[in-house]
């Protein structure tokens, strides 16, 4: 918990010697690895790695670690980053009227179960202002004009930039983001979709599930891309339903799955456990 | 287990007095209800009911029960049937080369975990002949000519008729049945599809699941209708997969889900627990 | 949802004619049954029943229904009750410092996902006062002197009586109630225990689970009886853990299970779906 | 699947440089790591590691790999082994009259879903002879005299030795092994217990579960130690049950969990994914 660590995240073409190079580098500097995850995708010929290293075992800080590691990264053609686990990510939460995911995230934030900052909450409705502000978090109401959405998303973008957010969570925001925003924050916007994707893309998935007569309903947290509900999946889960569950009960049962799946997905993201490759994710859970 | 029961299965337009009429009828004849399930679908205005009644508590056999109950059924406009739980249903199993579902069903049959007869197994390959015949079950090899499938399905239909089957199970049969066969045995052909429908309809669902990067894979047992993988769903389940699971591993993990979902679906069918209404099922599990 | 209903809950020795008598009675008065659940326990020879009836279909209110039904109840030796689904149960929530279950219940109450009143929250610590009072709910701090607990529980009892509570929820209260309180509110105090009972009774179950090296951890909601963690179980669930999960992580993962299991157990109780018989429950979920 | 690999399994006191030493060694010899798992238990100060290495990337065979690696193992005080994934483990299966686990394992063996040899099946009953021998596997009937069990276990031990077994699976064998046998094959006898341990140790766990009124039942695969049902747990799972499930139905539902949990546990063992430390396991699944 309180142990100070750096995280080294790497992906590169697979070949012999990557682990040896990275772990040898760390070992030479006394780096104590407390958690190590690797994955070699043989089909893609691609290698993924996440190391968590005790900060107090290294002779430099994260900036020094980056400088020292850069030549190795160069050698192997790595995409890589070093993060400091003690620096909380800044996550803007966007919400519409449905507040279960927001409430759940606020609790996990407030109780320090999950480690992140919420510089602000943005909503197209006023409903959640009081609850959010009780937490001491700024609340911005940005209404969306259905005939001209551009100004609203310009304002959202301005707010996200102004608070120097690392990530945006769409906690049942119910509005489709414009392509330029998806592109600008690629791999940094997490959505919760209230179905087990790829089933029931788009609006009203619980109604569609009810019509189809499925025996399980689900939820999916994924990175947002331009194509609706088609981005890289981070986490999914399901819950059993029965013939006597109405649409209202599907919606009720689904809420608990949505909360859990969004929270787990965000946790993985905050802890740098998600590596995106193409349209898929490696999740070192 | 060994208790002799009749099952009374009813569905009709919902209104006041159905339960009273049916249970009053049974009570007048001393009928001891050991299991009762009802469902009123308020959206459809339709009522569903399944009673399991001790045979030794009634003054007549199943034929007598049918005759005595017919006037009530008439009054309420019921679709209904009475079945004798001691009469095993006759289930033809059709299989291709993948034998896990067949093997699983044979064990559940042999061990009497599930109560049914298997008059024969039909396959488009010879592979399973020895194993099936070891069980004392006739095995019919009916090859399917990909350029002219009609003769094969004519032969399959002839075999199904000849053995007076009550139901047909497609235990990974891998061939699409012709529309006339689907229509002829509506509500009596059960298929296991190796995905969580409606995701990944059609061929190679594990490959599609792998491509999409889903975090759970599943299986669905459903009644076969003319439209591929679109019939009423009886049962579904899923299993968690990870980024390091190859397609081969998805196929392996999926097998256990397929076996379980097919066996549960068939059990519900054998015990007259599934009531089809439109394209959905009520399952009194 | 908004439909006004009465619930008729019955248990009695099993015999022929119970369903006929009850449904016949309702039918004579035009009673429209929208949900019906029955269970005949053949081992015990005991019958359990729950009917949900449209209020607008009956010619009397709940008091009238009770009067009209009483003779039938008498005939069959029934334990029974009629409840009005529109009258919220009054539930006192007791909590210690761990606030995840309380927060979860407050959300489900506030969002009207679950239908009940919270006349007050009682805690042996001050920590949750602000959050509770933000909801407009009275908060009572009743410290427990570990050398003389009787005064505290006398005060708790006084508060519970004063607010005319129907039920008490121990939402991780962390104090053992005295036997007289358990007896006084038998079948009306619900506890959440943070293990899959009967494993790990008593204190520090996550530590015990960690020591034993189990691969799943769980939670149990149950009615409180004098014997610790031994009362009738209402609901249970589990979550998978791994060798690399520390005790802290078990505690974190367990919280979500506790919340879900307590909420589901309380929901069943609020909707009169739980019938206690001996030390077991029938749950008409 | 068909790729030839060696597995290097290591555990030792944790310190800086272990991964660097092992991966550096492999890298110097061109070793291509296709799967790597590590775990540092900070509480115990112990490190666990499993590498799967392409055989064709190394300049020596498994014997050569052992010789070359020995000095490193010496330096770090490692417990270690190298196994050849192409050499199937030899697993004796012991069974009583309940045949569901045996049948399941035979299918997974026959279909090559799991990679191992079954040199023989040993049973205290004759029931399964035909089915086992149909598979071409020797069947030994070793009756157990309840007044003098020693001769039976002497014979069992003789048979296990004679076929040079690597492991023994108790697939619902229903007899308690004598302490000397537990000691002799420590970490090599896998039992399936039909409860979610530590709940319901010993005989008739389903009856105990029914009496307690639990809402989930489970199964546990574990290494056998002298203390009954107390050895290191490899795998567990559960299934939901309801108030209307009789003991017979618990037994039926439990069978599927037992099969799955034993098969997964054995698979982990066969693939050298289980590292025992004290009374707990690290499972690199």
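Each residue's number is its place along the chain shown, starting with 1.
Glycine is no exception: its Cβ is also placed from the backbone N, Cα and C atoms.
Per TrEMBL, the features are:
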type	residues	note
ACT_SITE	B:229	active site
DOMAIN	B:7-90	domain 'ACT'
Please list the DSSP helix, strand and coil residue counts for the domain 'ACT' (B:7-90).
29 helix, 33 strand, 22 coil
Are there any residues in the same chain, six or more apart in sequence, whose C-beta is under 8 angstroms from the C-beta of the residue listed as 'active site', and if so which?
B:191, B:193, B:197, B:198, B:201, B:202, B:220, B:222
Could you tell me the mean pLDDT the prediction assigns to the domain 'ACT' (B:7-90)?
97
According to DSSP, does the residue listed as 'active site' fall in a helix, a strand, or coil?
coil
